[in-house]
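Contents: one structure, followed by commentary.
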Amino acid sequence: MRTLRRLKFMSSPSLSDLGKREPGAAGTDERGTQQRRACANATWNSIHNGVIAVFQRKGLPDQELFILNEGVRQLLKTELGSFFTEYLQNQLLTKGMVILRDKIRFYEGQKLLDSLAETWDFFFSDVLPTLQAIFYPVQGKEPSVRQLALLHFRNTITLSVKLEDALARSHARVPPAIAQMLLVLQGVHESRGVTEDYLRLETLIQKVVSPYLGTYGLYSNEGPCTHSCILEKRFLRRSRSGDILAKNPVVRSKSYNTPLLNPVAEHEAEGTAASGTSIRRHSVSEMTSCPEPQGFVDTPGQGPSGTFRSSPTPHSGPCPSRLYPPAHSPEQGPGHGSPSTSSPETLVDQILESADSDSEGIFIDFGRGSRSSVSDFEAPGGRPSVV
C-alpha cells in the first residue's frame, strides 16, 4: 500500500497544474518569435542601408559585402524570404533609381544627353555589379537581380526624362554611352512579353541606331520599311579594264532535289590501249536539260573551254533531252585546244563578264571552239544542253 501511495504522489501533474504552466511556455515562444523578427528586421535594415549607400556613391566599407551576403542567406531561410523579390523592387530599387533620376530630371537638350550618359556609366559599371554581388545568394531565381535593376532603370530614368526631345534636336551629339544604354535595355524583356514601355524604348533606339530591326519591322533614317527584309550576298571583283568593282550576278538552280549529272565512269581510250599508254578520260554521263524561262538573249563570251551563251526558247513538255558523247576521238591537236597560258584570274573574269548580262544564271555550251563540234553535243532537236 505504501508503494502504491508513493507512486500516486509521483505521477504526472494534473490538468489544473498544466493550465497554470501554459502561460509561461506560451510567453517564452512569443518572446523567441519577437527576437527572430527583430533580428530579421535588423538584417533588412542593414541591407537597405548598404544598397542605398551604393546608389549615393558612398560605396561599401571593408567586409561589408560579406556581411550583406550572410544577411541575405539568413533572410531567405525565414518566412520573410518569400517576399524578398517584392521588397527588392518596391523598396530598394525604386528608391535607388529615384536618387539617380533626381540629379538629371530637369535637364534638357545636350546637357541631358551628357548627364544621362554619365549616370548610365556609373550605374552600369558600379551599381549593377555591386547589386549582383550583394544578392548573389538569390541567383537562379527569375526574374534575376540584373533583369530587375535594368527594368527599373528603363522605366524610372530612361523613359521618364525628356530623352526623345533631346535626340530630336538638330546637331545633337549623342554620346556612345547613350547608344550602349538603349541597346542593353533593349535586350531585357518582361515576362508579359512586348509592353508599351518596350515599344517606347524602340522609338528611342530608332533615333540613334539606323537601320534598326524592331518589333514591327525595319527602320532607317528614311522611315519604316514595310517590305520584307532580304539578305543579299554581294561578291566584288576587280574589272579587267581597271579597279572598278562590279556586282556578281546570282547563279540560281532551278531544281534543288533532282541532280543534273549521274555518277561519272572512267575508262581507257581504245586508241591508246595498243600503244601501251594509260590515258583515262571521263565519259559524259546523262545530263538532264531542264527548260528555262523565255526571253533570254544570246550573249556569247569567249571562255577557255567553250562558248557561254543563254539558252534559246525551250519546247513545251518535260525535259527528256540527253547529252551524248561525240563519235570522234576526244584527243585534238595543240592548235584546237584551249590556250594553256590562261590563268585562274583570267578564267574567273571571263566567266563573270559573260554572265553580267544574264540575270537568271550561267548557261554553258560544251563546245570545242567551232560550231561543227558544238553540234555533236546538242540534244535531239538541236537544243543545247544547259548546266
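Including glycine, each Cβ sits where the backbone N, Cα and C put it.
As given in Swiss-Prot:
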- 10-96: region 'Interaction with RICTOR' (REGION)
- 13-34: region 'Disordered' (REGION)
- 18-33: compositional bias 'Basic and acidic residues' (COMPBIAS)
- 189-219: region 'Interaction with RICTOR' (REGION)
- Ser253: phosphoserine (MOD_RES)
- 262-387: region 'Disordered' (REGION)
- 305-314: compositional bias 'Polar residues' (COMPBIAS)
- Ser373: phosphoserine (MOD_RES)
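Residues 142-143, 151, 154-155, 158-159, 163-164, 167-168, 174, 178-179, 182-183, 225-226, 229 of the same chain lie 6 or more positions beyond the ends of the region 'Interaction with RICTOR' (189-219) yet place their CB under 8 Å from a CB of it. The helix, strand and coil residue counts that DSSP assigns across the region 'Interaction with RICTOR' (189-219) are 11 helix, 8 strand, 12 coil. In the predicted model, the region 'Interaction with RICTOR' (10-96) shows an average pLDDT of 77.
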